[in-house]
Amino acid sequence: IHCNIIGSGIFISPKGVLDHAGSVGFSLIVWVLGGGICALGSLCYAELGVTIPKSGGDYSYVTEIFGGLVGFLLLWSAVLIMYPTTLAVIALTFSNYVLQPAFPNCLPPYIATRLLSTTCVMFLTWVNCSSVRWGTRIQDIFTVGKLLALVLIIVVGMVQIANGHYDALEPQTAFEFIKDPSVGQIALAFLQASFAYSGWNFLNYVTEEVVEPRKNLPRAIYISIPLVTLVYTLTNIAYFSSMSPQELLDSNAVAVTFGEKLLGVFSWVMPISVALSTFGGINGYLFTSSRLCFSGAREGHLPYLLAMIHLKSCTPIPALLVCCTATIVILCIGDTHNLINYVSFINYLSYGVTIAGLLYYRWKKPKLVRPIKVNLLVPCSYLVFWAVLLGFSLYSEPVVCGMGLVIMLTGVPIYFIGVQWKNKPHWISSAVERVTYLGQRLCYVVFPQDDPSEIQTPHTAFWNSKDLFSIRS
């Protein structure tokens, strides 16, 4: 689980956390408390994971507890906002770290970063469309990149501190505020940190595959969350051992600036390591997001074309193309800093709804067997923090955060038209059938099921399932 959490976020978020926190000391407190909040959320998810033993994470739990509409809204926001925006941020980070050495005294050109990001996303989409094995091998190989970069930063930073270079970390200096702090800015600092911690709930997406989840889910949480919090805090301490707060804020690629100051002729190692890390991160998120599209389509919450796989390579090509297209659109309309606030707000909203579902489920089914049952203070504490964080974030960034909320709510009419409306006119079914047939022909995809009864019945589908059997045949 810690390999899922530790990703490219730690090379992106330090600048945003420091900018909103206002001082070195307070930014370090945000990193530590951010890990604590993740631990509370993880414990709640552990209870949900063994009480509702379904893979699929938030989507499966919320659908089971609150019904189809709320589950659909989570799926809708994940497909349109969470995964594409996260992919866009990681792709922009990849291009910034690759291009920054070529532009040492200025920001890389806007067009260059977008073109390189788009090329990277399209290439990895092609890889994942071509072969599941290629995708997983890229993930295994490029995981080394992020671990190499973090180990190098922490070791070099500790050597600097041992040699007496810790002026920015002394208490009287660390809490000198660059700008006046406010509750709203502190909330945004937590949103920036939460982007780096995202991934703490990924184990719940494969709950059915976990051996002895009653033992291993809590064990994974107790080991991984403190470890990740320690690594992230030490990484930030290492940054401040060689960079002033202003230098960090002025840097477009923090790890590159760190390497240039301390590694001398070996400074090239840092951008390469981070580029490897982000390249692997894009591949991992493409893999996960396409599988979520695939699962949602099999449940009847998305068009059935997204539940089809390639006849020979068995890859979900339509789902991958949807994820790729959404990511490229978002790449063209936002900068990294605002995109992180945007996606983190929606992520936290989803976490809070899921954990509120835990309390509702306890009230709704008090006698249900729960192999793991956390103290009520855990979900209540998380929800208090959640409400304060989202409220002040929305107040501080009403346009950025509000846009995500509006896009999520557009799923309400889509749900009632696409899923709940049972007897659609024939012309709608015919149009959907033609589009699906065309998609099958273009992508050379079919349903993975051998038994047509596994398909959802018409009242839960985006269209009448018998139309799809005729396409399939």
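Glycine residues also receive a Cβ, built from the backbone N, Cα and C atoms like all the rest.
Positions annotated as transmembrane segment by TrEMBL: 24-45 (among others). Same-chain neighbours of the transmembrane segment (24-45): 5, 14, 17-18, 57, 168-169, 171, 173-175, 177, 181, 186, 189-190, 193-194, 196-197, 200-201, 204, 218, 221, 225-226, 228-229, 232-233, 236-237, 240, 245, 351, 354-355, 358, 374, 378-379, 381-382, 385, counting only residues six or more beyond its ends whose CB sits under 8 Å from a CB of the stretch.
Under the heading transmembrane segment, TrEMBL lists 66-91 (among others).
The transmembrane segment annotation in TrEMBL covers 111-129 (among others). Away from its own ends, the transmembrane segment (111-129) comes close to residues 87-88, 91-92, 94-96, 98-99, 135, 138, 279, 282-283, 286-287, 290, 310, 313, 315, 317, 320-321, 323-324, 327-328, 331-332 of its chain (Cβ-Cβ under 8 Å, at least six residues beyond either end).
Annotation comment: TrEMBL describes 141-162 (among others) as transmembrane segment. Listed by sequence, the residues of this chain that lie at least six past the ends of the transmembrane segment (141-162) yet keep a Cβ under 8 A from its Cβ atoms are 3, 6-8, 10-11, 169, 231, 234-235, 237-239, 241-242, 255, 258, 262-263, 269-270, 272-277, 279-281, 283.
The annotation transmembrane segment is assigned in TrEMBL to 182-200 (among others). Residues 1, 4-7, 9-10, 12-13, 16-17, 19-22, 26-27, 30-31, 33-35, 37-38, 41-42, 86, 89, 224-225, 228, 232, 340-341, 343-345, 347-348, 388-393, 395-397 of the same chain sit 6 or more residues outside the transmembrane segment (182-200) yet have a Cβ under 8 Å from a Cβ within it.
Look at TrEMBL and you will find 221-242 (among others) tagged as transmembrane segment.
Tertiary neighbourhood of the transmembrane segment (262-288): same-chain residues 4, 7-8, 11, 83, 86-87, 90-91, 93-94, 97-98, 100-101, 120-121, 124-125, 127-128, 135-136, 138-139, 141-146, 148-149, 152-153, 156, 160, 202, 205, 242, 253, 255-256, 320, 323-324, selected by CB-CB distance under 8 Å and a gap of 6+ residues from either end. Residues annotated as transmembrane segment in TrEMBL: 262-288 (among others).
As annotated by TrEMBL, transmembrane segment applies to 309-333 (among others).
Taken from TrEMBL, the feature transmembrane segment covers 339-362 (among others).
Long-range contacts of the transmembrane segment (374-396) within its own chain (CB-CB distance under 8 A, at least 6 residues past either end) are made by residues 37, 40-41, 43-44, 46-47, 182-188, 190-191, 341, 345, 348-349, 351-352, 355-356, 358-359, 402, 405. Taken from TrEMBL, the feature transmembrane segment covers 374-396 (among others).
According to TrEMBL, the transmembrane segment annotation covers 402-421 (among others). Counting residues 6+ beyond its ends, the transmembrane segment (402-421) has Cβ neighbours under 8 Å at 68-69, 72-73, 76-77, 80-81, 300-301, 342-343, 345-346, 349, 394, 460-462 in the same chain.
Against the transmembrane segment (66-91), stretch 339-362 shows more Cβ pairs under 8 Å than any other of 221-242, 309-333, 339-362. Taking Cβ pairs closer than 8 Å, the transmembrane segment (309-333) reaches residues 79-80, 83-85, 87-88, 91-92, 114, 117-118, 121-122, 125, 128-132, 286, 289-291, 293-294, 297, 339, 439, 443-448 in its own chain, all 6 or more past its ends. Sequence-distant neighbours of the transmembrane segment (221-242) (same chain, 6+ residues past either end, Cβ-Cβ under 8 Å): 1-2, 5-6, 10, 14, 17, 24, 27-28, 31-32, 34-36, 38-39, 42-43, 46, 150, 153-154, 156-158, 160-161, 165-166, 168-169, 196-197, 200, 248, 254, 258, 261-262.
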